[in-house]
Amino acid sequence: MTVETLESHRCFGGTVSICRHQSAATGTPMRFSIFVPEGKGPFPTVTFLAGLTCTEENFTVKAGAYGKAAELGLAIIAPDTSPRGSGVADDPAYDLGQGAGFYIDATEKPWAPHFAMESYIARDLPAAVRDNFPVDGKRQSITGHSMGGHGALTLALKYPDHYHSVSAFAPIVSPTRCPWGEKAFTAYLGADRSSWAAHDASALMMSGSAVGHFDDILIDQGLDDSFLEKELKPELFEDACATHRQKLTLRRHAGYDHSYYFIQSFIGEHLEFHARHLA
Ligand SMILES: N[C@@H](CCC(=O)N[C@@H](CSC=O)C(=O)NCC(=O)O)C(=O)O
């Protein structure tokens with residue numbers, strides 16, 4: 001699979017590249033960033049899924065992750081959050097359409113032709129990275145923030161064999177029970193809620209998906225996060241994990257908000273968590 005490198009920067013002895021490639025899943029060009037440490041590899045990978053309004057750039061420039069990734073010998077992949085372009089459906093709201101792909105495959109018009117972010121992240125992106133960078137495709141972990149935290153948790157529970165470990169920062173843990181998720185799922189999957197639970201981390205966990213596969217799941221949540229009560233509701237995932245005795249390390253941090261300052265503060269510990277599982 002051909003990948004075009006648009007930018008390349010030396011960073012902590014390794015390289016950060018901004019790349020573009022054609023995705024069969026979305027039928028569009030897609031962009032991602034990748035940090036590759038110094039050395040020959042093959043390196044294990046951690047994929048970071050970003051939240052609403054983000055591109056591949058937010059994590060790359062704001063998370064401060066690459067010093068720790070270099071130290072741990074991890075490659076970090078940060079994809080865009082949706083397909084984009086003039087021929088791609090969109091909505092003026094920040095929480096639907098381009099920049100808000102929700103990491104699912106849409107079944108409804110006008111979204112279905114291009115909004116296939118689940119297939120993109122699970123299939124096309126790892127293949128493109130494997131074919132073009134010195135990574136070990138058998139050693140992958142996944143994390144994400146907010147909408148991307150929902151993406152990380154649901155992809156890990158749907159495709160446990162793809163990932164050694166999963167973590168999240170302030171994730172939407174039950175999109176079927178919050179305004180952001182209900183709006184997106186109504187648009188992408190239709191008003192019939194019967195198909196929604198398959199894309200809800202708490203419902204997946206409650207149904208026993210992947211129970212026993214991950215020895216621990218790490219979630220960090222700020223207590224000054226303005227989206228905490230209405231959109232994020234970590235207690236729903238906590239209850240589902242407790243039901244199946246799935247170990248969950250859910251850390252609630254006084255004073256932290258929803259921003260990348262929060263992510264910056266804990267990304268090092270998430271990378272250490274993933275490095276232990278990828279060793
Ligand atoms: N109204 C805000 C909401 C957008 C926002 O807060 N986006 C977060 C993710 S929220 C859940 O997925 C984000 O990561 N923003 C980018 C950043 O660099 O901080 C708005 O429109 O800004």
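Cβ atoms are placed via backbone N, Cα and C, with glycine included.
Keep in mind the model is a prediction, meaning the values are calculated, not measured.
Features as listed in TrEMBL:
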- SER146: active site, charge relay system (ACT_SITE)
- ASP225: active site, charge relay system (ACT_SITE)
- HIS258: active site, charge relay system (ACT_SITE)
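Recorded features from TrEMBL, shown on the structure.
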{"residue": "SER146", "record": "active site, charge relay system", "DSSP class": "coil"}
{"residue": "ASP225", "record": "active site, charge relay system", "DSSP class": "coil"}
{"residue": "HIS258", "record": "active site, charge relay system", "DSSP class": "coil"}
Reported as an integer number of Å, what is the Cα distance between HIS258 (active site, charge relay system) and SER146 (active site, charge relay system)?
8
Cβ neighbours within 10 Å, counted over all protein chains: which one of the active-site residues SER146, ASP225, HIS258 has the most?
SER146
